[in-house]
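A.B. asks: Quick one: this structure, given as structure tokens, is what I'll be asking you about.
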């Protein structure tokens, strides 16, 4: 879930702290990526619908390969542009998240029931909508993703708990430059720079949103603890939300009272009932001091791709097109060995002007010199991967 309504609130209250960028703007940057969120996006993007049946990207053996296709293609696209992706995987969820996870399971069950009803009624639109709400990333898919990345020579970090918190730790300790995730709570965990839409496909044509925490705090006048309290009131994964407290009231409440304790004392009990389990002190402490592996103990190293291992895994086991895989390996080698010029900010101190965010999008219609798979739309025939959309009965 992340933080409900935080993105819109920041666009309204601190737009100068947000930039709109393109992939090429991160040349030479190490980016810590929320792996589970990214893989979930790939599975959703490649899940289609046709003639009343769900469709998924599979190989000739019928195995779902959406996660591997998306991860392979998008990672290659990033390294082509000079990025250095670091994928961080979730560990054990914190106890505070138990209620949220239970609610997610219930919502998935309800979505499945609605899907079944829509199927009986022949409502294709509702079936497609509900089918995406039932998607879950399996343990097997996560392990396959780790294996693929390691064979590609891309760093993999296993977080002890929340991936966003571990990503923030890497950025705070200068092991990476930014966190890439769709969950806004990366900022709540203290990530100095956060990117949204980094792993979106080119077909979506959405610019990357770059959030700067120091500027957000400076423009809004909030301390980090007040920002955390604001996020808790907006709605997070660790405590239930107070009914009747929306973004505007949460903002005004923290600006006026300074913290949740004082705000709660001012609430009209008849209008706002604080739910049982609103342990905001524990949530606040978890945001301030989450369970992470200290960045100093993590080695980040980009390695030569394992050609033999990739061919065995992707071509022999997962039935990928061999030519596509070999070309991908060469692209990885080119990125690893390329003699690149340093970024200017490695030699000079760059002062970022506080201005209106750059809204320049990438030019549409420009053909790329390499192949990439679209992560949206319906694939009717085999693509360069050798895989195709099949009806899931």
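Quick reminder: no glycine exception, Cβ is built from N, Cα and C everywhere.
Because the structure is a prediction, the values reported are computed rather than measured.
What Swiss-Prot records for 1-108 is region 'N-domain'. Positions annotated as Mg(2+) 1 binding site by Swiss-Prot, on the basis of sequence analysis: 34, 90, 162, 164. According to Swiss-Prot, the DNA binding site annotation covers 74, 162, 235, 237, on the basis of sequence analysis. The region 'I-domain' annotation in Swiss-Prot covers 126-257. Taken from Swiss-Prot, the feature Mg(2+) 2 binding site applies to 183, 185, 237. Annotated region 'Interaction with PCNA' per Swiss-Prot: 340-348, in sequence order, evidence recorded as sequence analysis.
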A.B. asks: Among all protein chains shown, how many Cβ atoms are found within 10 Å of the Cβ of residue 90 (Mg(2+) 1 binding site), not counting that one?
C.D. replies: 20
A.B. asks: List the residues of the same chain that sit at least 6 positions away from residue 162 (Mg(2+) 1 binding site) in sequence and have their Cβ under 8 Å from its Cβ, in sequence order, or write 'none'.
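C.D. replies: Long-range Cβ contacts: 90, 91, 93, 94, 189, 290, 291.
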A.B. asks: Within 10 Å of the Cβ of residue 185 (Mg(2+) 2 binding site), how many other Cβ atoms can you find? Include all protein chains, please.
C.D. replies: 24
A.B. asks: Please report the three-state DSSP label of residue 164 (Mg(2+) 1 binding site).
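C.D. replies: In the DSSP reduction, residue 164 (Mg(2+) 1 binding site) maps to helix.
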A.B. asks: Out of 74, 185, 235, 237, give those binding-site residues positioned within 10 angstroms of residue 34 (Mg(2+) 1 binding site), comparing C-alpha atoms, in sequence order.
C.D. replies: none
A.B. asks: Would you find the one among the binding-site residues 164, 183, 237 whose Cβ has the most company, meaning other Cβ atoms within 10 Å?
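C.D. replies: Answer by Cβ density within 10 Å: 164.
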A.B. asks: With every protein chain in view, how many other Cβ atoms are within 10 Å of the Cβ of residue 74 (DNA binding site)?
C.D. replies: 24
A.B. asks: For the region 'I-domain' (126-257), DSSP counts of helix, strand and coil?
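C.D. replies: Output for the region 'I-domain' (126-257) reads 69 helix, 15 strand, 48 coil.
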A.B. asks: Quick one: pull the CA-CA distance for residue 164 (Mg(2+) 1 binding site) versus residue 74 (DNA binding site), whole Å only.
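C.D. replies: Spelling it out, the Cα of residue 164 (Mg(2+) 1 binding site) and the Cα of residue 74 (DNA binding site) are 20 Å apart.
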